[in-house]
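Features as listed in Swiss-Prot:
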- 176, 194, 195, 196, 197, 198, 693: ATP binding site (BINDING)
């Protein structure tokens, strides 16, 4: 059916290209019209397009300005009126963007033609002479390729790029125009190596820069950002666009802010993301560097949106107390445990071998399976599994023990100290293992968490204890629980470090530090640390300095950062295999762009060997033959360890070669430049696959082109395609060949027994191999399975992060409005009402008078304006209005007080205050609990002292308390995500519970922040003031926090934490223990407004519970 559909309507790529080719024809028609124009006339075309865009979108811009003025002008808007205005503004912005995209599509042919004609003129002329503009004169001061002679500007076609003088020699061809259209439409363009992605990006960049809202071009490393910016910027600058690279500026600096104000901004994905987080930690408006996120083009988009999907950007600071000592204390025990397990596994392996030799295959199955469960990567075991019939026996035994929900598995695991599930990358300590690490004389429950529910019940029912003694005992129980929880967590992480993470594969040691190696690229991930204490465990294992634990202050995933953009596009050489994921998660369509010249590279079927030793011997022979033929050879490896192994084997043969891996990355540019010469052998991890272009010498082409040798298949087809793509660029000859053994990880875990049976039946001798298209297809099917599993994990993680992202958007919007001084009156008014409402209501029902009186007195320092009798007589709405009016009256009194104090300060200021260097007056406020420094601009203060003081205090208090509670909330959310994983053991969906609990937690956090802000505003007193030429930071007096930026790998929490069945974290208040019922059970629920529904079926309210609209009280 699919074949018939394809035959009738063509492939997706054919249909995509059919819709794009008309644009190419229009672009070329416009291009022909431009040839006769002078250089000045060509430049004026750009100005006319800018003007056209303004005219066509002016209606919506005018409406937006009216709505914004309404928000700014009115301070007494109700929360409902503010929300309505936000909705109107959002709707107008959507209409504006729709109109804008329509206009841009209309002028696309003209804009693309201008870029192409500019490129042609630079290629065919050594210099372009134009009438000098002010911008030309400004550029000529710093740019060597621009000269000013009288009223003329002379643009040369040579300029410096990363230290080398480059002569422009490129003009866009039709396939690149196709790529440009794809990128402008907000899609992903898959373009083969050497097809000129950097040049393609100039087309949509130019078109979208006409809008004036900024275009961000995102690269995967600093070198590419600087190179591409320097390489392409003269094309843009010639037409009056400003171009900057954020990598050439410092964070927080005025230069960084100016870089974002440029029409076109280059930078790395990490730096764009970190700047967003820094902006949302800024204490002054001048510290904010980014502006609206309008349009971004992401280079190597699959690397950013898929490979880095589990990697959040984090800004963190120190915590008061770390747990480094736990890892130091228990490391020797886990090391002994791991060595003891090795001996046990070796004994089971020898037993299995003996039974097999004796022909007792049935008896050999269990010890073989136990060895596999104990240490699946144990090299003697892997070697033995390549023997005829052994792997089939292992799978047969495994199937027996996993049947009936793994009912028999405890019997198989009983002699082991810990078990490893290699497919899910988890490890779990057994009861025997717990006994092993518990030392003599220690409490037998030293590593077992207490049953708190039972213990609390016993304390409550103990009639011999008074209330104070009960509280003391419960406090001791909670402390014991926390200590044991931390201890067990350290042991679990140490066990993972020993059992699941290998040096020179997962990480390397450099200068006494453990640095993570990216499995996709082979590069060192500078600044990234494994999360949840795992990195500290690895440091303890390697006996290097254990870095201190840190607290998260701000975090965002790259995926959620790029979702901020109105329009997002991407480029890569390998996206088609992940097209489904791009569309499902990011709504990005993948379009394959045709190559300029046909690809003539020969991709050979995989060569499959029985053992790793035979495979590597064959690889060395192949390299020798190819190098002797004068062909350059690129050997792709999956880890640092394998690259060094191949290097040693080549040294024994005295074959000259270069090694490019995470340990030798400094020489990357130099090694790649030499890799295309005849007979050159280059060994590289996957890091040679991106951002590099191996150009062949004429002699190398004549010898047969670049030969790619893959030492094993990667889990991802994309990585293999990246490696193949190094050869055959721009129609060059070349070849690719993968060598595989049955001992490779992918083959062991995911290839069916069928291939092993075939090889056994063929009776292959030492060094012989099989090579067939059927085998290659079977391997690719296995890769698809792994990709599907990884996609499921990434999607699940994204679903968790989406909950936090919704909360982040709310907090950051409120914080940004406060920082910029937008709608402060409306914001404070809304908080006054919410705090009044929460003072009257508790858990959705009317509070008692004592609670109301206590809270009102704490917030205002006065008695409530309502008696207990009135409280019981009036309804909730009336009481709320009374309390709100009292809060509002108190707030207006503060304004009057500050006005009087401000006038007094004004009278004491020197007459020449406006002439001195100071820009701010710094006021100190205190509510007897906390002291804040509040900067007030002198100009605002002199104009209206009281209002200037109050507005500045509002801004400082809102930002201070939002930051304080948000940072605390981030820690709670991380602990929540950890703790809900145990719900899977109760057949409950952890994500559903996480959504419900996180909503309750966020609501409580917002309520606490609002109350703290209002309390401070109503109680804080002015202490002193001073003139200052610096903008004070909004932190507590004498408190300065050193921040650090990092990328932490959350390593698929669902996978990593699945092994922690015995581990449970005490959830911080106010998380409520949420019950979950069966769908047909009768339940009682309470809604936010206090309404209680009794005896309803759980399935009828399940959605409301998931959305946080109600809470489950009991089941029947």
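Backbone N, Cα and C define each Cβ position, glycine as well.
Keep in mind the model is a prediction, meaning the values are calculated, not measured.
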Among 176, 198, which are binding-site residues, the residue with the most C-beta atoms within 10 angstroms of its C-beta: 176
Chain-internal residues near residue 196 (ATP binding site), provided their CB is under 8 angstroms and they sit 6+ positions away: 170, 176
Where residue 196 (ATP binding site) falls in three-state DSSP terms: coil
Cβ neighbours of residue 195 (ATP binding site) where a neighbour is any other Cβ within 10 Å: 23
Cβ neighbour count (within 10 Å, all chains shown) around residue 197 (ATP binding site): 22
Shell of the ATP site beyond 176, 194, 195, 196, 197, 198, 693, same chain only (C-beta within 8 angstroms of their C-beta centre): 191, 193, 199, 200
194, 693 as binding-site residues, winner by CB count within 10 A: 194
Diameter of the ATP binding set by C-alpha atoms, the set being 176, 194, 195, 196, 197, 198, 693, in angstrom: 17
DSSP-derived structure type at residue 693 (ATP binding site), helix or strand or else coil: coil
